[in-house]
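Trainee: Annotation comment: TrEMBL describes 364-534 as domain 'Histidine kinase'. Annotation source TrEMBL lists transmembrane segment at 6-26, 38-58, 70-92, 104-121, 150-171, 183-202, 214-232.
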Amino acid sequence: MSWDITPYTFILFIAAVTSFLWAAYGGYVIRKHGRKRYLIAFVIMTLSGTFWAILYAIQLASPTLEGKFLAYRIMHIGSLITPPAWLIFALAYTGRESWLTKKTIAAISFIPFALLVSIPTNPYQLAFTDVYIEFNVAQAVLVTENGPLYLMHLTYSYIIIFIGVILLLIYAVRSPSIVRRQAILLTVGAVVPTVINIIHLLNVPPLGSAVQINLTPISLAFSSVFFGIAIFRYRALDLRPIASEVVISQMGDGVIVIDQNETVVEINPAAKRLFGVDDVAIGSDIQTIIDAYPKLRAATEEDPHLISVANDTGMKLLQLTRSSLSIDTVTVGWVILCRDVTVQEEQRRELAAQNEQLDAFASSISHDLQTPLSVISGYATLAEETGDPTHFETIRKTVTEIETFRDELLALAKQGQTVTDPTPVQLADVVAEAADRIATDSLTIVNHADAVVLADRLRLQQVIDNLLRNARDHSTGPVIVTVRTTATGFVVEDDGPGVPESIRESLFDVGVTTHSGGSGFGLGIVRRIVEAHG
């Protein structure tokens with residue numbers, strides 16, 4: 001007998017090709033973007049639809065009862081997989097992947113698996129009670145009377161399909177409008193083949209009694225189109241995860257995701273650099289990366305935890321916070337945010353040191369002004385009481401000292417500004433000009449500064465003036481000051497008694513002086529000008 005090829009055979013073949021193409025594209029996406037449970041479930045559904053359509057076409061075309069019955073039994077490998085795969089898909093799509101444990105998947109698949117095992121031998125007529133051929137206007141069709149296990153499977157399949165649809169609808173209501181459109185497409189893709197299958201089983205016209213051909217495999221091809229559009233065109237399952245993945249991978253802060261067992265499931269490039277690890281860290285315990293993790297359990301955004309780590313770039317200070325990941329109020333893991341605060345901490349410490357220095361500086365200014373102000377007040381009272389005009393000379397001299405103090409204070413405030421436009425300066429000329437102003441009978445200046453330097457001439461002049469004046473004012477006898485160049489700069493040195501060892505380290509700090517009448521600003525100004533030149 002020849003094979004019974006009809007238009008239904010070709011339609012089923014087209015349906016199989018359609019489902020297979022979507023399955024192939026889903027496999028390509030999995031290969032490109034990684035294993036996602038919703039994509040795996042989608043591929044399984046479309047492959048099972050492909051298998052179902054092919055075997056059903058063979059069943060229809062087979063000329064004998066034996067051939068049809070063999071194809072019918074093999075066909076169930078595809079048809080029995082579809083409902084559990086749909087529920088797994090719905091759970092994954094709606095963010096309930098934590099429910100998909102091995103035990104849950106086994107429970108979902110138990111009844112379909114039991115029926116699949118019973119179909120080859122049909123013990124106690126659990127799968128079907130009778131098998132025969134009926135003839136319609138188109139061709140010979142295999143008819144089976146379903147047994148109790150098969151009826152149980154059908155009821156169970158409709159229940160889990162309904163559960164999946166409800167999960168999708170609930171998710172759609174709680175989601176933005178674009179996700180709602182995606183969920184509607186997926187719901188239509190699930191409902192259409194279910195309704196067609198019910199019509200076939202209940203033998204409802206016109207798709208039932210008149211035809212007696214199961215159109216469910218064909219409707220599954222249409223479902224694969226709906227699913228494919230929702231998944232790949234609207235990016236229902238891809239856009240948000242990929243967008244999140246891109247953002248996290250490009251973040252400057254480290255991100256580590258751990259599950260309920262505190263196992264690392266994701267780590268971005270920044271975290272790998274901070275902790276000196278690679279992809280091997282995925283799947284390991286978080287404490288293999290962060291030794292101090294137990295302390296981090298109590299860390300929040302308001303109260304982060306600080307740790308020090310060593311990597312290729314040296315020691316880093318990291319600020320760690322831990323936030324929970326929840327699905328429907330159930331905690332499924334945590335996100336650890338790792339921020340490199342090394343620079344900020346150094347700046348904070350520098351600022352604290354500067355504030356301390358500023359407090360000390362303010363106290364020093366207050367103290368240094370107290371004496372001349374007391375002198376002015378005292379001599380003004382004497383001049384008023386005695387009428388002796390010689391007291392006014394002392395007052396004028398003290399006022400001049402205060403003005404000098406003020407000028408040095410203003411100069412100190414300005415000299416920290418960075419030099420942005422240096423020009424070539426002949427150092428020997430600057431030293432010679434300073435010598436004309438500052439040299440005395442007790443101060444001899446030796447000028448060996450034969451070099452051209454890039455500098456702000458006025459600020460460089462202040463440096464030379466302050467250094468020469470400092471040597472003059474702090475010597476008790478004749479002193480020789482030499483200015484000479486070196487391979488990297490210039491040196492100012494004298495043959496005086498030198499600086500006491502106790503203040504050498506702080507000599508250039510503001511307010512430090514060995515002279516009872518000194519402000520302590522001169523060498524502080526020198527330091528700031530030099531630092532401003534880089």
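Note that Cβ sites are derived from N, Cα and C of the backbone, with glycine treated the same way.
Those TrEMBL annotations? Automatic predictions, nothing curated.
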Trainee: Taking contact to mean three or more C-beta pairs under 8 angstroms, with sequence separation of 6 or more, is the transmembrane segment (150-171) in contact with the transmembrane segment (6-26)?
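Mentor: Between the transmembrane segment (150-171) and the transmembrane segment (6-26), contact is absent.
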Trainee: Answer with yes or no whether the transmembrane segment (104-121) touches the transmembrane segment (183-202) by the criterion of at least three Cβ pairs under 8 A, sequence separation 6 or more.
Mentor: no
Trainee: Ranking 6-26, 70-92, 104-121, 214-232 by Cβ pairs under 8 Å to the transmembrane segment (38-58), which is first?
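Mentor: By the under-8 Å Cβ criterion, the transmembrane segment (38-58) pairs most with 70-92.
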Trainee: May I ask for the residues of the chain that lie six or more residues beyond the transmembrane segment (70-92) and have a Cβ under 8 Å from a Cβ within it?
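Mentor: Residues 36-38, 41-42, 44-45, 47-52, 55-56, 58-59, 62, 99-100, 105, 108-109, 112-113, 115-116, 119-120, 131, 142, 144, 153, 156-157, 160-161, 163-165, 167-168, 190, 216-217, 220.
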